[in-house]
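In what follows, a structure is listed as structure tokens, so that the remarks can point back to it.
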Amino acid sequence: MQTADDEGIDEQKLLFLACIQGKLETAKFVVERLGANIEATIDDMGNTPLIFVSLQGKAEFVFSALHCAAVGGNSEVCELLLEAGANVNQRKPDGTTPLMEASQRNQLNVGGADIELADSDGHTPLTLAAFAGQLDFVRYLLAHGALINGTDIAGASPLHYAAGIDVKQQAGKSGITALHAAYLANDLNIVKFLVEEAGADLEIRDATGRTALMGAASDGLADIVQYLVTKKARTDWKDENGITAIDYAEKNGHTEVVKILRVETPHNEL
């Protein structure tokens with residue numbers, strides 16, 4: 001039987017193209033018939049990602065086969081690679097694992113992965129799923145023991161992100177939780193889930209002393225603010241600079257949020 005080498009075929013490249021495009025039959029053929037090595041290295045540094053993918057013709061990224069499949073949301077390709085022995089916890093240079101890629105795309109079939117592995121910014125799959133608004137994946141991770149109040153290097157938890165904080169603006173700060181993540185994504189459904197079903201701490205603070213309510217008020221997220229105060233989030237608490245939720249809302253001109261908070265804030269705190 002002729003081999004890929006006999007034909008001058010680059011089976012590794014074929015495998016990754018198949019993964020990116022979600023071509024399951026092609027991937028099967030390349031692994032089973034051409035003998036593509038799913039853990040092969042591509043340079044003298046021993047890196048295992050096998051393909052450089054151009055994004056919008058500007059930047060190049062290195063992905064492993066499993067990363068490619070996870071990014072593409074191709075569950076069948078993921079399953080094939082796992083069956084072939086792919087390392088489910090393999091990291092990209094930024095520390096991202098396939099599960100982290102999958103968590104942002106509601107892709108549930110990256111089995112056996114370590115759900116608490118964090119990337120270089122301290123983001124776990126749960127935090128990334130909360131930020132991406134992937135409620136099914138949030139449920140899945142919590143059901144498998146993910147830590148709801150864990151924080152990244154910015155001190156943010158999944159609830160911080162789900163509540164709608166601007167993650168890019170907060171990137172250099174510490175202390176964002178899952179609830180902060182929920183309001184970062186401006187996703188009320190995830191905020192509700194994290195509070196009512198996952199038991200997220202309403203008063204957990206980020207590195208600057210801000211609660212999820214303060215962040216949502218600062219961003220003018222009236223529906224999330226209304227929900228959080230209904231759940232008895234403290235409206236009178238101050239961050240490390242002495243600023244309250246209503247102060248943030250007034251400063252940023254969010255009149256609807258100000259009205260909500262004035263009703264709920266003790267008069268002696270106004």
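Glycine is treated like the rest: Cβ placed from N, Cα and C.
Per TrEMBL, the feature repeat 'ANK' maps to 64-93 (among others).
In the predicted model, residues of the repeat 'ANK' (121-153) average a pLDDT of 72. Residues or ranges marked as repeat 'ANK' by TrEMBL: 121-153 (among others).
TrEMBL lists 174-207 (among others) with the feature repeat 'ANK'.
With DSSP classes pooled into helix, strand and coil, the tally for the repeat 'ANK' (208-240) is 16 helix, 0 strand, 17 coil. Annotation source TrEMBL lists repeat 'ANK' at 208-240 (among others).
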